[in-house]
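> Dumping the structure here so I can ask a few things about it.
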Amino acid sequence: MKRPVVNCPQCGKSVAWDNSNPFRPFCSERCKLIDLGQWATESYRIPDTGKDSEKQENDPSGSEK
């Protein structure tokens, strides 16, 4: 059976997706820590649709209906 291969999300290097790589989907601990650091410094963000903030602005109590 052929081992699945993916690209490291940080550097793009080809990586085997199996138990022999403890850092998957990353190629190394270095790439894994770089990615973690980018989340910690808020370089990555999940887009806000603005729907929740609109509800809070319209309802001063902040409670949901």
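Glycine is treated like the rest: Cβ placed from N, Cα and C.
If you look up Swiss-Prot, you'll see C8, C11, C27, C31 marked as Zn(2+) binding site. Per Swiss-Prot, compositional bias 'Basic and acidic residues' is recorded for 48-65. What Swiss-Prot records for 43-65 is region 'Disordered'.
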> Report the same-chain neighbours of C11 (Zn(2+) binding site): residues 6+ apart in sequence with Cβ closer than 8 Å to its Cβ, ordered by sequence.
C27, C31
> Taking the recorded Zn(2+) site as C8, C11, C27, C31, identify the other residues of that chain whose CB atom sits within 8 Å of the mean position of the site's CB atoms, giving them in sequence order.
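Apart from the listed residues, the neighbours are P9, Q10, G12, K13, V15, F26, S28, R30.
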> Are there any residues in the same chain, six or more apart in sequence, whose C-beta is under 8 angstroms from the C-beta of C8 (Zn(2+) binding site), and if so which?
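Spatial neighbours, sequence-distant, of C8 (Zn(2+) binding site): S14, V15, P25, F26, C27, S28, C31.
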